[in-house]
């Protein structure tokens, strides 16, 4: 079979954008009513919060733990195969939750979904390997908007669908969306993957040894981890924090939802444009600017006096995320040997997922022991460390447009 035919990376970007949008929305669609659904399975009292927390965190934790394994298999068998595998399992598990007889089945299916996930990191690895190097920031920035858009639209749409069709049927609807993503991927995504001969497959250690700059690789993985910590740490207590900023409790949940989603909205609006800027002026420069901007915006959140001020700062914070995510992915694609792209992006996904789990834990722990404002200050310290580390990594490249020059 001829595997050297040039692929249309723009068409692949379009189709994978749709797939990533469906995957992103599938996770967030069920967020508004999942605790109520768990309650309907016979769980009562304080156990509802416990099992809800497990239902939310288990997929991210499981996905992070097995990401390197799926990354290796993607390097062996191709990214498209892994995307189809992930979307099929997500279709079955999300749809299957509609028939869960008790909370243990629900948790088991959520855990299984996490173990077999990987659609988004494999889409990212595929586009990173196919897009021209001078377009990688734009391509990866555009792809990043898919997950963010789905995550933004999901909660509000999920609440409406639950009221119209019932909570169980929403899981069937999500399963149908994921099935559509599977079919689109099978028939319209093309990859000229050349299998590596048996015995020539490089180990993860050998892949890392072939990375052109291991110090920068480690720094990019740390940045990926901290991006999620800064965006997620406030979520466990944001409603309670807002409550301390106002004497009115009218529409408190609605206001909290707007403030939480503000980061995603601005990131969605800016990622593609900022990705182009990274291609033009240097992704490493944009990472430093994004980190400094993130710190300048994040720290004042600890000193706001009204929900409006917090909302504005959260919205501005998204522009930092919009700069960082595509820039990190673009640099990863440039410093990674092509035979190890999937594994390196799998490690990035692992760091992202661990940040999603660590952020709420760190934020809620500091908020519980000290205060909400202290939690925000504490989280901002992670950003300072990242700024210093990134400056050390990039200092000799600041006068260059690319770290590969």
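Backbone N, Cα and C atoms are what each Cβ position is placed from, and that goes for glycine too.
The model shown is predicted, which means the values in this text are computed figures rather than measured ones.
Residues annotated as transmembrane segment in Swiss-Prot, with sequence analysis given as evidence: 13-33, 50-70, 88-108, 111-131, 147-167, 170-190, 216-236, 254-274, 286-306, 308-328, 350-370, 374-394.
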Inquiry  = Using Cβ atoms and a strict cutoff of less than 8 Å, what residues sit near the transmembrane segment (308-328) while being 6 or more residues removed from its termini?
reply    = 137-138, 140-141, 144, 220, 223-224, 227, 230-231, 241-242, 245, 255, 258-260, 262-275, 277-278, 283-284, 286-287, 289-291, 293-294, 297-298, 300-301, 348
Inquiry  = I need to check the long-range neighbours of the transmembrane segment (216-236): which residues 6 or more away from its ends have a CB within less than 8 Å of a CB in the stretch?
reply    = 208, 260, 263, 284, 287, 291, 294, 298, 301, 317, 321, 324-325, 328, 331-332, 335-336, 344, 347-348, 351-356, 358-360, 362-364, 367, 375-376, 379-380, 382-383, 385-386, 389-390, 393-394, 403
Request  = Please work out whether the transmembrane segment (350-370) lies in contact with the transmembrane segment (13-33), by counting C-beta pairs under 8 angstroms that are 6 or more apart in sequence and asking whether there are at least 3.
outcome  = no
Positions whose Cβ lies under 8 angstroms from the transmembrane segment (13-33), at least six residues beyond its ends = 56, 59, 83, 87, 90, 94, 119-120, 123, 126-127, 131, 139, 142-143, 145-159, 161-162, 167, 170-171, 173-174, 177-178, 180-181, 184-185, 188-189
Key: Interface-richest range of 50-70, 88-108, 170-190, 254-274, 374-394 toward the transmembrane segment (286-306), CB pairs under 8 Å   = 374-394
Maximum Cβ pairs under 8 Å to the transmembrane segment (50-70) - stretch from the list 88-108, 111-131, 170-190, 374-394 = 111-131
Note = For the transmembrane segment (111-131), the distant same-chain contacts (Cβ-Cβ under 8 Å, at least six residues beyond its ends) come to 7, 9, 12-13, 16, 19-20, 23-24, 58-63, 66-67, 70-71, 74, 79-80, 82-83, 85-87, 89-90, 93-94, 138-140, 143, 147, 181, 189, 191, 329-330, 332-333, 338, 341-342, 344-346, 348-349
